[in-house]
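J.: Dropping a structure here in structure tokens format, bear with me for questions.
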Amino acid sequence: MAEQESLEFGKADFVLMDAVTMPEFMANLRLRFEKGRIYTFIGEVVVSMNPYKNLNIYGRDTIEQYKGRELYERPPHLFAIADAAYKAMKRRSKDTCIVISGESGAGKTEASKYIMQYIAAITNPGQRAELCPLFPQSRVIVQQPGERSFHSFYQLLQGGSEQLLRSLHLQKDASAYSYICPGAQLKCSINDGAEFKAVADAMKVIGFKQEEIQTVYKIVAAILHLGNLKFYVDGDTPIIENSKLVSVIAELLSTKAELVEKALLFRTVATGRDVIDKQHTEQEATYGRDAFAKAIYERLFCWIVTHINDVIEVKNYDTTVHGKNTVIGVLDIYGFEIFDNNSFEQFCINYCNEKLQQLFIQLVLKQEQEEYQREGIPWKHIDYFNNQVIVDLVEQQHKGIIAILDDACMNVGKVTDEMFLEALNSKLGKHAHFSSRKLCATDKTLEFDRDFRIKHYAGDVIYSVTGFIDKNKDTLFQDFKRLMYNSSNPVLKMMWPEGKLSITEVTKRPLTAATLFKNSMIALVDNLTLKEPYYVRCIKPNDKKSPQLFDEERCRHQVEYLGLLENVRVRRAGFAYRQSYEKFLHRYKMISEFTWPNHDLPSDKEAVRKLIECHGFQHDVAYGKTKLFIRTPRTLFTLEELHAKMLVRIVLFLQKVKLPLPHKLSSSSLNHPCSPFCLSCCTDSRFGCCWIFLGACSCFAGRWRAAELIRSVPPEVLPQLRAKVAAMELLKGHRADIGLQRAWQGNYIALKPDRAQSSGSFTPVANELKRKDKYMNILFSCHVRKVTGLGASRDQTDSHLDQQDINTECPEGLVGLSVSNGKDQLVVFHTKDNKDLIVCLFSNDPSNDSRIGELVGVLASHFKREKRSLHVSVTNPVQCSLHGRKCTVSVETRINQPQPDFTKHRSGFVLCVPGN
């Protein structure tokens, strides 16, 4: 149980629901999302909601809070599951795997990035995580409505320099390329230009050579150009409409144009001893082109993953010295898909999810049964939906849908999608989870000769057989493999080793797309069964990417197909909560006189039994060998309420006796902070019998000691001290340099002018403002570079600095500040009237003197004295409003930038800061 969270945020673990029903599950999910709690446990599973905004919950401080802690000790978080997987690997010397699933847009990729970040932060160089790719090829050439293609395409176009794009024969407009055109029209919060630079820098850091990075760009560009190829047939001869692109593609792939053209228009076939070139039809050429594009991207993806895994693999590992070489796998996998039109791609993806759901339930059940067996608790049979019947419907040899589809593709002569559907009706007509219009003539949701329905665990899905035959035959012709193997680019050649075989050496019929997918799924499941799995289930709260909107129907649909309610039922297994006796006592021993401060019973188990019985919970628990099992959540919540009430009593008692703690506690007591210490026993009838724990007293002792230290501080230093404390509370862990080590002088223009020519005009204008507005002191002054109301950039340091300028810098309606998380000096002042002020602080003496911390601390301390609220946000990019218009301000480092300056951007402004 994540005990640090109040029930006002809902239940941090769905296992603790009073009733395992969909309405209660959804109500808890909604409450936690609306309260800003995006993570919730189901035992050892994390349910993750996409917040559609940046949250400051992934920094170094948060990592330290979860490092080495048990799951129940901290609120639900990705770091909790990552740490659990890491501890399991270290303690049991067993490979572990974190499976991250959910539909597109649910936050899977971000979750995997944060998990990898955590593992990298807590592991030694001699330990490693392993990337496990499962790659949706079809997304290269076609996307669902509202989705983009892979980010790499847009990043290259938006982030690549003019010189790079020119060398790749590309233009920045993504809508010019057929494969990614639909995604170019979508609004996206991702800064593709910045991401391109980040990826390029990361590749250099991890060890990719410059020529390898250049090859990556060439492959991505070649795919974009492939998508723009058009075919037509002149008589019986296939022709490429825009043949100039062939030379471009050949150049990028380091091969000859005539070889590329031949591979696109013909297929080399061996018949006995003869070798002939078979012409493609227009449709065959189009399918071949798309298959080639998908295959190139997949080979590139797998090559990058392999390269990274090779780099992070421990070299010269000696098992006799270091023990078994174990890994943590991180698997980011697409989720169940139900669209208005579901085709071959959705069929494969949903089969994948059926397979993983089956494994998921089996492993959770197995883990539960094993724990019950270890603890000597009788196992209660759990009714759950076993989807093995659906898995068999798809993959069973000779009888499953994939086998029937393969048979249809291998038949001689013209085979149509309708003939495939007829074969399904004939062989699967009596299957309880299969239906079609021919089998259910009155079901008008199905079209004759087109649709079939599968009853998945996540719900019914109607598939259109249109394109099934062609897409299943969508195997890559050997001509393309030989073309790539014979490339003069060594990196490309390495990606296509099977191209070494000549046409006469290739005798086996290539496996179909569905069979290849099935084999990869079987291999994946076999791999996962050898690892100890942990799960992250990602949910998309709405389709509008809004951080406030919780779409009930949309979320319920995902909860159903992720099988989350089923997971809760299995995890409950009769008992909602279990905990070791030692840790249970550590939290709850204060609620019983028999266990506080220490018990004298033979064992912790007996002490727990005594505590449970004295509160009358003995009929709602079971005692295992090392753990207590609690049946209903209500008992646990009652224990929590008793625990909270006792803490209040302790505080009241301390206030009653008015402890000057250092005088009441002996020095020997204070020297043993880890041991329970019996200070006194209060028998006042208002408080009952209340024993005091040294841990509570030491807190008050710390406060008393702090008060004594503050009394010794000179009064003139206190304002600066308060400001530094305020800055540290707001910025520590978010910005590297707060400026705590130097003296804070506040009025820099008057006391220590960076620019002498402007200081002369500053003093009289400031004095005039003091007289007019009747304020006593200047809290802070500094030269700045500001964005004007017209969007231009201007120095606020000129000799014409006037009263209006100073009024602008100190708005009456200030409600908040935003600063970036870097070393730059960007500040955005947020106002009530949405006329935010965007500035960059200047400091020339010394040139790298950071004043952000001082400005934030001084304002925060002032607002606190005034009993006003000041919201401070640390983020990049910064969201703001300029004259009522929403915009963003991001920070970019640029080589040879002489000084910080603002430039316009389509989404707002960019602060360019020197990078050398």
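Quick reminder: no glycine exception, Cβ is built from N, Cα and C everywhere.
Under the heading ATP binding site, TrEMBL lists G102, E103, S104, G105, A106, G107, K108, T109. The domain 'Myosin motor' annotation in TrEMBL covers 9-644. Residues or ranges marked as domain 'TH1' by TrEMBL: 733-915. The region 'Actin-binding' annotation in TrEMBL covers 521-543.
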J.: Average pLDDT across the domain 'TH1' (733-915)?
T.: 77
J.: Could you give the residue numbers and ranges of same-chain residues that sit at least 6 residues beyond the region 'Actin-binding' (521-543) on either side and whose C-beta is under 8 angstroms from one of its C-beta atoms?
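T.: Contacts with the region 'Actin-binding' (521-543): 29, 33, 42, 44-50, 52, 78, 81, 84-85, 88-89, 92, 94-103, 105-108, 111, 115, 132, 134, 146, 329, 331, 335, 351-352, 355-356, 359-360, 363, 395, 549-551, 554-555, 558-559, 562, 564.
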J.: Whose Cβ lies within 8 Å of the mean position of the Cβ atoms of G102, E103, S104, G105, A106, G107, K108, T109, the ATP site, other than those residues?
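T.: Near the ATP site, beyond G102, E103, S104, G105, A106, G107, K108, T109, sit N50, G335, C538, K540.
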J.: Applying a 10 Å Cβ distance cut-off over all chains shown, what neighbour count does S104 (ATP binding site) have?
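T.: So the Cβ neighbour count for S104 (ATP binding site) comes to 17.
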J.: Tally of helix, strand and coil residues over the region 'Actin-binding' (521-543) according to DSSP?
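T.: So the counts come to 9 helix, 8 strand, 6 coil.
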J.: Starting from the Cβ of K108 (ATP binding site), draw a 10 Å sphere and report how many other Cβ atoms land inside it.
T.: 23
J.: Any same-chain residues 6+ apart from T109 (ATP binding site) with CB under 8 Å of its CB? Would you list them in sequence order, or say none?
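T.: Listed in sequence order, they are D332.
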